[in-house]
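Just below is one structure, and these are the notes that go with it.
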Amino acid sequence: MKRLLSLIFLVFVFFAVMLTPPALAGDAAAGKTVFTAKCAQCHLGGKNLVNPAKTLSKADLEANGMASLDAIITQVTNGKAAMPAFGKLLTAEQIENVATYVLAQAEADWK
(Lines of atoms letter the chains of each structure in order from A and count residues from 1; the text may use other names and numbers.)
(Lines give C-alpha, C1' and ligand atoms only; values in the text may rest on other atoms or scores of the structure.)
Protein backbone atom coordinates (compact mmCIF):
# COMPACT_ATOMS: atom_id res chain seq x y z
CA MET A 1 0.00 0.00 0.00
CA LYS A 2 2.88 2.31 0.84
CA ARG A 3 4.43 1.71 -2.59
CA LEU A 4 1.15 2.43 -4.34
CA LEU A 5 0.73 5.73 -2.49
CA SER A 6 4.32 6.65 -3.27
CA LEU A 7 3.78 5.87 -6.93
CA ILE A 8 0.57 7.91 -7.07
CA PHE A 9 2.34 10.81 -5.37
CA LEU A 10 5.24 10.68 -7.83
CA VAL A 11 2.89 10.58 -10.81
CA PHE A 12 0.99 13.56 -9.40
CA VAL A 13 4.20 15.55 -8.88
CA PHE A 14 5.43 14.66 -12.37
CA PHE A 15 2.26 15.92 -14.03
CA ALA A 16 2.14 19.02 -11.85
CA VAL A 17 5.65 19.92 -12.97
CA MET A 18 5.00 19.08 -16.62
CA LEU A 19 1.79 21.11 -16.79
CA THR A 20 3.21 24.21 -15.10
CA PRO A 21 4.03 26.85 -17.70
CA PRO A 22 7.70 27.83 -17.76
CA ALA A 23 8.64 30.97 -15.89
CA LEU A 24 9.67 33.80 -18.12
CA ALA A 25 13.30 34.76 -17.75
CA GLY A 26 13.20 38.54 -17.96
CA ASP A 27 11.55 41.34 -16.03
CA ALA A 28 8.19 42.12 -17.65
CA ALA A 29 7.80 45.43 -15.78
CA ALA A 30 11.16 46.66 -17.08
CA GLY A 31 10.22 45.29 -20.50
CA LYS A 32 7.05 47.37 -20.50
CA THR A 33 9.11 50.52 -20.03
CA VAL A 34 11.37 49.67 -22.97
CA PHE A 35 8.41 48.52 -25.10
CA THR A 36 6.60 51.82 -24.47
CA ALA A 37 9.69 53.83 -25.45
CA LYS A 38 10.96 51.78 -28.41
CA CYS A 39 8.23 49.46 -29.72
CA ALA A 40 4.82 51.01 -29.11
CA GLN A 41 5.11 53.30 -32.14
CA CYS A 42 4.46 50.27 -34.35
CA HIS A 43 3.12 47.72 -31.86
CA LEU A 44 0.79 49.69 -29.57
CA GLY A 45 -1.60 47.29 -27.85
CA GLY A 46 0.02 44.30 -29.53
CA LYS A 47 -0.93 45.47 -33.01
CA ASN A 48 1.37 45.87 -36.01
CA LEU A 49 0.93 49.11 -37.94
CA VAL A 50 3.32 48.06 -40.72
CA ASN A 51 1.97 44.53 -41.29
CA PRO A 52 -1.45 44.09 -39.66
CA ALA A 53 -1.40 40.34 -40.41
CA LYS A 54 1.53 39.84 -38.01
CA THR A 55 0.41 41.18 -34.66
CA LEU A 56 1.80 40.31 -31.26
CA SER A 57 -1.29 38.28 -30.37
CA LYS A 58 -0.68 34.79 -29.04
CA ALA A 59 -2.31 33.25 -32.13
CA ASP A 60 -0.19 35.28 -34.57
CA LEU A 61 3.01 34.66 -32.61
CA GLU A 62 2.31 30.91 -32.71
CA ALA A 63 1.34 30.96 -36.39
CA ASN A 64 4.57 32.77 -37.29
CA GLY A 65 6.88 30.67 -35.13
CA MET A 66 7.49 33.56 -32.75
CA ALA A 67 5.85 32.28 -29.55
CA SER A 68 9.09 31.78 -27.63
CA LEU A 69 11.49 33.99 -25.75
CA ASP A 70 14.36 32.97 -28.04
CA ALA A 71 12.44 33.75 -31.24
CA ILE A 72 11.41 37.21 -30.05
CA ILE A 73 14.90 37.97 -28.73
CA THR A 74 16.39 37.00 -32.10
CA GLN A 75 13.96 39.17 -34.06
CA VAL A 76 14.31 42.20 -31.78
CA THR A 77 18.10 41.86 -31.83
CA ASN A 78 18.55 41.28 -35.58
CA GLY A 79 15.39 42.72 -37.10
CA LYS A 80 13.49 41.10 -39.97
CA ALA A 81 11.72 42.49 -43.03
CA ALA A 82 10.37 45.95 -42.08
CA MET A 83 11.32 45.59 -38.42
CA PRO A 84 14.66 47.24 -37.63
CA ALA A 85 17.34 45.58 -35.53
CA PHE A 86 17.61 46.82 -31.95
CA GLY A 87 20.72 44.83 -31.04
CA LYS A 88 22.92 47.93 -31.08
CA LEU A 89 20.33 50.21 -29.46
CA LEU A 90 19.30 48.04 -26.51
CA THR A 91 21.24 45.85 -24.11
CA ALA A 92 20.74 42.09 -24.10
CA GLU A 93 18.93 42.47 -20.77
CA GLN A 94 16.55 45.10 -22.18
CA ILE A 95 15.78 42.88 -25.17
CA GLU A 96 15.12 39.88 -22.91
CA ASN A 97 12.83 42.05 -20.76
CA VAL A 98 10.91 43.24 -23.84
CA ALA A 99 10.52 39.65 -25.04
CA THR A 100 9.26 38.63 -21.60
CA TYR A 101 6.78 41.51 -21.62
CA VAL A 102 5.52 40.65 -25.12
CA LEU A 103 4.95 36.99 -24.22
CA ALA A 104 3.20 37.92 -20.96
CA GLN A 105 0.96 40.38 -22.77
CA ALA A 106 0.19 37.89 -25.53
CA GLU A 107 -0.87 35.36 -22.88
CA ALA A 108 -3.14 38.03 -21.33
CA ASP A 109 -4.52 39.01 -24.77
CA TRP A 110 -2.91 42.46 -24.42
CA LYS A 111 -5.27 43.59 -21.64
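A Cβ is built for glycine as well, from the same backbone N, Cα and C atoms used for every other residue.
Long-range neighbours of Cys39 (heme c binding site) (same chain, six or more residues apart, CB within less than 8 Å of its CB): Val98. Summarising the annotation, Swiss-Prot assigns heme c binding site to Cys39, Cys42, His43, Met83 and lists sequence analysis as the type of evidence.
Sequence annotations record features per position, and here Swiss-Prot assigns signal peptide to 1-25.
Other than Cys39, Cys42, His43, Met83, the residues of this chain whose Cβ falls within 8 Å of the Cβ centroid of the heme c site are, in sequence order, Ala40, Gln41, Asn48, Leu49, Val50.
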